[in-house]
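Please read the structure below before turning to the comments.
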């Protein structure tokens, strides 16, 4: 039977038509068994692709066998199969499935060919809908120089057709070599960011380029279309839409008004105010996305600190830390929790929204009770007030804003050049005024303002709502957007992603506000932050293709298996939590969580290990969420907060965040670990 036909295409758009056409051409009678051999003696192209559709009429039928000989010095073989598989392969068990067997002879060069041995078995459950195509990939190690045989078997209860596409690829580096290369690239990116050799956006772009070059060297060359698909456009759309909303919102004077109100409710006590802000941020982030919470809180906090002559950096770092802690309390507060609850296999064993939230909520409450006193201890010797008087601080900030505005003007015409010169002259005049004030004005600021009631009256007169009509429009649109965020989490019938909701809200507010100076709004968007996330998504996906994340999960599972059975559960909880926390502080916690869930599921099903599943999953969630406080790029909310603060002239470095965030991560993970050990080892809360 000739299976290669030029009229048969395997594009996604023509999958249905080609399957039906091929089925009509090669309709087979019942009771026949089909065995087809593919022989590729000299595959010289980068990746070999074949597609076929066969009628299966017996319970077990060999669909195809491929004989691969010319792999030279390749260390790995990457096999990509497309077909009507279920979307969640690790979480589904069906009666219809196919088995891919990879076998190899011991020595291809010997005169007497030895019998081939099955090296790998790969089971793929089939979906009842034959017209859909799900592509799944797995990498196999080439053990010797013998011929590789790929046999694909289908197990069907009734006769039927199974359209499949097979693509194989040789990789020239072993898994250990690829993991080493990925680790070097990741360390290099962190060195660039920590030492501030280049901007963190450029560091992420250089790292993603190096990771793509490493993939090309080992033999896997993703196309431009594939690389673009790695970018999480939902997150970028959410960031862009909320940045537009906040930019218009800031024109109403609402942030200044909220800053004065927060100072009034704290009765002039700075630490009471910081505690209130952190607590509100933690509560909101339990139900909203962490990024959304920080996009709303960062401008308010910056304006509040400017009014009170506080250094916004320390307050912002405290807020974003508690935002990440609060997001771990519910199933919708942080992306790793969403990934865990959306797994069908975990839902079937009772790990649904209510059960997950109830368990995590208790632990996060304990973490918050310990974290607030520890934060006060970390800030014990830090001077939250600016060392200079507010007049000088505001003058310095004004100089920074004027200089930044002048730098953003592109002198394309004579008028623009004149405007830029005027702005630079303004900066020079302000700098002369600043030097005079520094020579003549000295003032010592007390740590607690005793005349806070007088200051409140002055601040209320100075900072008021400037545009009440625009404020009503902004509150209406923002209220609808936040309501849709809640409904999207709790009502499954809403088929709108968070990015779409934020974009629609931004467009709606632009129409209602009647914005004519659109470029002014676009200048408020943190383009460097958006580019950083796009480069980070490509970097993390490339590192995943270099098997870095899989390697971490496999080594964690091996360490758990070697522990004696009586201490295995306690060691597993400790190991999974801390590995997740440390890994999530240096890499994106979303692909790490998605990779670790199948590893932990297989570990819990292993009869030799004998571990309950829920403690492992809760340890993964606790570590992945709390680990984001470890470094500046450990969580999306950290990067967003740093970008907005930098735009306002109060940017903080990697090490400034690390000095506060990493100790907070260590303490919070320790409290979470103790809670899980008591709940699952002492009490036995495993059912």
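Even glycines carry a Cβ here, placed using N, Cα and C.
As annotated by TrEMBL, domain 'Citrate transporter-like' applies to 190-623.
Per TrEMBL, the feature transmembrane segment maps to 177-195 (among others).
Summarising the annotation, TrEMBL assigns transmembrane segment to 202-218 (among others). Here the transmembrane segment (202-218) has Cβ contacts under 8 Å with residues 171-173, 177-178, 181-182, 185-186, 188-189, 192-193, 227, 531-532, 535-536, 538-539, 542-543, 545-546 of the same chain, all six or more residues outside its ends.
The annotation transmembrane segment is assigned in TrEMBL to 238-258 (among others).
Per TrEMBL, the feature transmembrane segment maps to 270-288 (among others).
Summarising the annotation, TrEMBL assigns transmembrane segment to 353-379 (among others).
What TrEMBL records for 470-492 (among others) is transmembrane segment. Within its own chain, the transmembrane segment (470-492) has Cβ neighbours under 8 Å at 245, 248-249, 251-254, 287-289, 292, 332, 498, 501-502, 505, 508-509, 512-513, counting only residues six or more beyond its boundaries.
Annotation comment: TrEMBL describes 498-515 (among others) as transmembrane segment. Sequence-distant contacts of the transmembrane segment (498-515) (same chain, six or more residues past either end, CB-CB distance under 8 Å): 233-242, 244-245, 248, 289, 292, 470, 473-474, 477-478, 480-481, 484-485, 488, 521.
Only residues 6 or more beyond the boundaries of the transmembrane segment (527-549), in the same chain, are considered here, and those with a CB under 8 A from a CB of the stretch are 139, 175, 178-179, 181-183, 185-186, 189, 199-201, 204-205, 207-208, 211-212, 214-215, 218, 220, 222, 227, 230-232, 235-236, 239-240, 583, 587-588, 591-592, 595, 633, 636, 639-640, 643-644. According to TrEMBL, the transmembrane segment annotation covers 527-549 (among others).
Taken from TrEMBL, the feature transmembrane segment applies to 569-587 (among others). Sequence-remote contacts of a segment are chain residues at least 6 beyond its ends whose Cβ falls under 8 Å from one of its Cβ atoms, and for the transmembrane segment (569-587) they are 186, 190, 336, 540, 543, 548-549, 552, 556, 559-560, 563, 593, 596, 600, 603, 611-612, 615-616, 619-620, 622-631, 634, 662, 665, 669, 672-673, 676-677, 680-681.
The transmembrane segment annotation in TrEMBL covers 660-683 (among others).
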